[in-house]
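Peer 1: Here it is: the structure, laid out below.
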Amino acid sequence: MERAPGIPQPVEALPAVSLAERRERIQRVLRGDLAEDRRRRLRERLITGWLFLAAAISVLTTAGIIYTLSIETIHFFQRVSLVEFLTDTQWTPLFAEKHFGIAPLAVATLLVSSIAMLVALPLGLLAAIGLAEYLPPRLARLIKPILEILAGVPTVVYGYFALLFVTPLLQRFIPNLQVFNVLSAGLVMGIMILPLVASLSQDAMLAVPQSLREAAYALGATKLEVVWRVVVPASLSGIVASFILAVSRAVGETMIVVIAMGNTPRLSFNPLEQMQAMTAYIVQVSLGDTPHGTLEYQTIFAVGTTLFLITMGLNLLSFRFLRRFREIYQ
Amino acid sequence: MTGTQLRPAVDTEMEFQPRLSLRRKVGAVFGVLTVVAMAIGLLTLGALIVDVVRDGWSVLSWDFIRNFPSRRASAAGIRSALVGTIYMMVLTAVIAFPLGVSAAVYLEEFAPKNRLTSFIELNISNLAAVPSIVYGLLGLGIFVRTFALGRSLIAGALTLSLLILPIIIIAGREALRAVPPSIREAGYALGASRWQTVRMFVLPVAMPGILTGTILALSRAIGETAPLITIGALTYVAFTPGSLFDPFTVMPIQIYNWISRPQPAFHQLAAGGIIILLAVLLTFNAVAILLRARLQRQIRD
């Protein structure tokens, strides 16, 4: 091959390599076919495989939960009929005369969650509106993390607070309030969940485009009207998602109800009395030494399955709302 | 309706009353309500802290930290629980951090956009909202029984690791997403492979964010009580665990044990334990906030 004069010819440094070999080598480099390239690709594939496995552990976790819960639950329902589980009004697996109706535990959980929601939803939404729309952004950035400390306090601490501060306080106004009661547990749980609602709802409101607010102001709306008729409806699916997640959190909450609500499973709707929530029953049995394979051991998995199904249903519903919200604005 | 004698055109004009001052007043009242809502949250937090400190201040002493729990309230301490919590946190961090970061890197940097990936993502979001006590049942069924680890430190650490894994993954992905694409492009332009780009360019930038998320996840794990009770952690332990397979207790369980006794002297011990627990948590959060501040400065630069 002729070269133009004056251009350096570095290839002459490799005299032993023929032109064909040289061409092949260049092509292999371009194809990424050298030994070191192959090594690199192999390493890359191994690492990707490891990373995938790490991500797959989450799927294995869910599979493990479903497997563990269903095995013992199936054993449970071989001994106890589903009809009894759903319709009996007594839950006394730890007594001589055994009844296996989930109703007392389920009603207690429902009651305490409802009280918590009466606190957490309105206050959380108001706080979110305050943070997103009313407070100057600098102040909101200061207050939000302090509010979020509430969500980071261990639940056993809230249990202490409910039993030894809130209940004695309430007993001054409600003399027939029992030492263990649903009301205190619910109120404290509501305060605990408030930051979850506030934080997620605020995020939803901040995602509403500024132009919508400006359009409403241009039509002569006041701040409150902009908030209630524009911002809240526009972020409604995000707010609803946060509400549903809050319910899910309340249903699964354990230590507050264990400590402050009592451990007597009885079907009642009076929040001034003690009751046993589903999670509290699981803890009560776990604290005793219950041998594997007994009916008592299986009951906690049956209750756990009920809990898991309820919360997962709520979580998936919440994600559906959240996705709809994200599709609109992001 | 008023003014029947007026012509319709004028009538409609009369009908619209801006009532601006009333509307503004209602708005101001509402603004006050939002502040009240936030104040209720903050005041409760304040009341909680004051109550706990008032109840527990008197029991705080070196003896309280040095002593093992006892049937006599005056001699009881939190040593076995404190040591148990420290072991538990170290183990959980060692297990959960590499797994969580790997999963976050996979989902953010490597995963193809397909059904499997979106299934994994949905699954992680759901796991983050599964009640902690369900993880306790998982740990009881898998780690304590199937793997026959018993009611040991390692069974507890594995359970808590699974519990906080979704939190680390979600925080890690956010940190990775915040790394500007130009940094990745710089890596590729230098001929680095995908993994080399991630390891040498992306991860160092994202690391403060990932660490912040991990610390917050660990501070969640420190406070967890229910899953560890469910797997059978003991509530009365008068020794410190010597190996991974020993029984253990942790601070929240010890606190719960003291709360559940009727005598007020034990309630004071519980409050003292809570003060120490909250102090540890506060330290963790302070570190997380410092890291976050550093991260924000770094991105600005």
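Along the chain as shown, residues are numbered 1 onward.
Cβ atoms are placed via backbone N, Cα and C, with glycine included.
TrEMBL lists these features:
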DOMAIN    A:106-318  domain 'ABC transmembrane type-1'
TRANSMEM  A:47-69  transmembrane segment
TRANSMEM  A:102-135  transmembrane segment
TRANSMEM  A:147-170  transmembrane segment
TRANSMEM  A:182-205  transmembrane segment
TRANSMEM  A:226-247  transmembrane segment
TRANSMEM  A:300-322  transmembrane segment
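Mind mapping these onto the model and telling me what they sit next to?
Peer 2: Among residues of the same chain six or more beyond the transmembrane segment (A:47-69), those with a C-beta under 8 A of the stretch's C-beta atoms are 301, 304-305, 308.
For the transmembrane segment (A:147-170), the residues of the chain that approach it from at least six positions outside its boundaries are 127, 177, 179-181, 183-185, 187-189, 191-196, 198-199, 253-256, 258-260, judged by C-beta separation under 8 angstroms.
Sequence-distant contacts of the transmembrane segment (A:226-247), counting only residues of its own chain at least 6 positions beyond either end whose CB sits under 8 Å from a CB of the stretch, comprise 113, 117, 120-121, 124-125, 128-129, 132-133, 193, 196-197, 199-201, 203-205, 207-208, 212-213, 215-217, 314-315, 317-319, 321-322, 324-325, 328.
For the transmembrane segment (A:300-322), same-chain residues at least 6 beyond its ends with a Cβ under 8 Å from one of its own Cβ atoms are 65, 68-73, 76-77, 80, 85, 102, 105-106, 237-238, 240-242, 244-245, 247-248, 251-252, 278-279, 281-282, 285-286, 290.
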Peer 1: Hey, which bits of the same chain come close to the transmembrane segment (A:182-205), Cβ under 8 Å, at least six residues off its ends?
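Peer 2: Answer is 108, 111-121, 123-125, 127-129, 131-133, 144, 147-148, 150-151, 153, 155, 158, 161-163, 166-167, 170, 174, 231-232, 235, 237-239, 241-243, 245-246, 249-250, 253, 256-257, 260-261, 270-275, 325.
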Peer 1: Under 8 Å between C-beta atoms and at least six residues away from its ends: which parts of the chain pack against the transmembrane segment (A:102-135)?
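Peer 2: Cβ under 8 Å, 6 or more out: 85-91, 143-144, 147, 182-183, 185-187, 189-202, 204-206, 223, 226-227, 231-232, 239, 242-243, 246-247, 250-251, 253, 257, 261, 265-269, 271, 275-281, 302-303, 306.
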